[in-house]
Each structure stands twice: as C-alpha cells, then as structure tokens.
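For GLY13, VAL14, GLY15, LYS16, THR17, LEU18, ASP46, GLU105, GLY106, ALA107, GLY108, PRO188, LEU189, THR190, the entry in TrEMBL reads ATP binding site. If you look up TrEMBL, you'll see THR17, ASP46, GLU105 marked as Mg(2+) binding site. The active site annotation in TrEMBL covers LYS33. Positions annotated as substrate binding site by TrEMBL: THR37.
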Amino acid sequence: MSERIFITGIGTGVGKTLTAACITEALEADYWKPVQTGLMEGTDTDTVVSLLSNNVSVCHPEAWRLQAPASPHLAARLENTSIDTNRILELSGQYQPANRPLVMEGAGGLMVPVNETVFTLDLILALKARVVVVAQNYLGSINHALLTARMLQHTGVPVIGWVFSGAEHSNEEDIIRWSGYPKIGHIPLTEQVDKAFVKQQAQLLTTPLHTLLA
Ligand SMILES: Nc1ncnc2c1ncn2[C@@H]1O[C@H](COP(=O)(O)OP(=O)(O)OP(=O)(O)O)[C@@H](O)[C@H]1O
Ligand SMILES: C[C@H](N)[C@H](N)CCCCCC(=O)O
Ligand SMILES: [Mg+2]
C-alpha cells in the first residue's frame, strides 16, 4: 500500500490545513479530511483545493460534514448522529492512490474524540498512517508539543517529524531535542495564503519529506 500521511497538530488552529496543502502539493498526493466540523467559514477541503497548483492531486469528499464548530463527537451529537470509524477506514482504502500518498487531516489535536469511544490517536493507529505533527510557535507550545510527542511515543505511532508554523521561535530546537523527532520544515507567517505561497513552501519541503519518507 502506498504511503498514508496523517497531519495532526498540537491543537486546533495551528496550521494543519496550510501544512497539509503544502505537503499535498510537494508530493502530488491526494488529500482527505474525513471529518469536517464547522461549516460557516468554509471547509478545510475547499481551502486545500484553492491552494493546490498541480493537476494530479485529488481532494476527496469528507465522510462527515458537521455544522457545529466543535469537537467531532459533540458536533455529531448535536446532529443526532455518530461518526463510524469503520466507515472512515473503509473509505481510506477507496481513496488511497495506487502509487501516490494519501494525506489525511484530523480535526484539532491528537486527543480529540471522534466519537464516544475513539480518539484521533486511535484512528491514526487504525489507519496505519505515519504522522506529521504541526506545532505553531507560541508561549506554551513546548508543553503542548511534548504532550503530543509523549502520547505518540507511548502508543508507538510512527512519526515523520515536525512542521513548525508561525513566527520563528527558539521553542523549535527545544521541542526537537526533547521529542527526538526531526524537523521537516517551518512554514513562516505570511500575509498572503495563496497558491504561490503553497508552491514555494512545497518546494522547500520536498527534499526533507523525500528523505524522511525513504
Ligand atoms: N503560516 C501562516 N501564515 C499566515 N496565516 C496562517 C499560517 N498558518 C495558518 N494560518 C491561518 O491560521 C488559521 C488557522 O490555520 P489552519 O486552518 O491551517 O488551522 P488548523 O490546524 O487546520 O485548524 P483545524 O483544527 O480547524 O483544522 C487559518 O486562517 C490559516 O489561514
Ligand atoms: C471547528 C474547528 N475547525 C476544529 N476543526 C475543531 C477542533 C476541535 C477541538 C476539540 C478540543 O480539543 O477541544
Ligand atoms: Mg484544518
């Protein structure tokens, strides 16, 4: 089976979607956000579609699109439904390209509940995916990043490395050192989140990604 890459983060709003777009572009991968919550401000899938330039990547439809900008388990409850992770596993097989990666993006961070019994971490294990962790640089990110790293290490999830986002910060070196995970890259703050920016960042990520995915 070709590569499965799951983009998680140290929280929500840390830059997973922008990172997913850059990695999808770099690898000419397919993109899939299995569960989208919060539809008012547009979806992550729409964002990624708008940021890609290559004509190979396919952005697959979400398995669940839920109205409330909330944790998936709560957004589903509010719509009297529940997220079936077996359906997500089944669809992942259908969406997996034969010889290109599938880039998947979670909602929020590692311990976000997908339903009443399954957390995002459990889903990653079931998907047999390797993980890219997006860590935005802010005061407090060391704790959030190392909590995430410790859970990944404790559960044996294979980690490709960190993508840092936001302003440059000395936290990056400390997080790399204490987690033992390599740095894939840093996506700098930009005034213009557009195709040109994603193409530029994708070029910078290509070599480290190919090295770490080898
Ligand atoms: N490097 C950056 N420069 C400028 N804006 C950024 C950057 N990275 C992310 N953003 C903006 O910050 C906001 C949150 O980022 P993003 O949507 O990627 O977060 P997320 O981790 O995917 O959140 P979610 O958990 O909802 O999927 C978005 O409006 C995005 O455009
Ligand atoms: C609505 C937003 N776009 C996110 N996808 C949802 C993040 C859920 C976070 C849950 C939590 O950690 O409290
Ligand atoms: Mg996102």
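Glycine residues also receive a Cβ, built from the backbone N, Cα and C atoms like all the rest.
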Of GLY15, THR17, LYS33, THR37, GLY106, recorded positions neighbouring ligand 3, Cβ under 6 A: THR17
Farthest-apart CA atoms of GLY13, VAL14, GLY15, LYS16, THR17, LEU18, ASP46, GLU105, GLY106, ALA107, GLY108, PRO188, LEU189, THR190, residues recorded for ATP, distance in Å: 23
Binding-site residues whose CB lies under 6 angstroms from ligand 1, from GLY13, GLY15, THR17, ASP46, GLY108: GLY13, GLY15, THR17, GLY108
Least surrounded among the binding-site residues, given as ASP46, GLU105, when other CB atoms within 10 Å are counted: ASP46
Where the C-beta lies under 6 angstroms from ligand 2, the matching recorded positions among LYS33, THR37, ASP46, GLU105, GLY108, LEU189: THR37, GLY108
Spatial separation of LYS33 (active site) from ASP46 (ATP binding site) - C-alpha basis, Å: 10
Binding-site residues compared (GLY13, GLY108) - the one with the fewest other Cβ atoms within 10 Å: GLY13
Pairwise CA distance, GLY15 (ATP binding site) versus GLU105 (Mg(2+) binding site), rounded so that it is a whole Å: 11
Alpha-carbon spacing, LEU189 (ATP binding site) to LYS33 (active site), which is rounded to whole Å: 23
Other CB atoms, at most 10 A from the CB of LYS33 (active site): 28
Rounded Cα-Cα span from GLY13 (ATP binding site) to GLU105 (Mg(2+) binding site), Å: 12
Site with most surrounding Cβ atoms, counting all protein chains shown within 10 Å, from the binding-site residues GLY15, GLY106: GLY106
Among GLY13, THR17, GLY106, GLY108, which are recorded as binding-site residues, the nearest neighbour of LYS33 (active site) by Cα: GLY106
GLY13 (ATP binding site) to THR37 (substrate binding site) - Cα separation in whole Å: 13
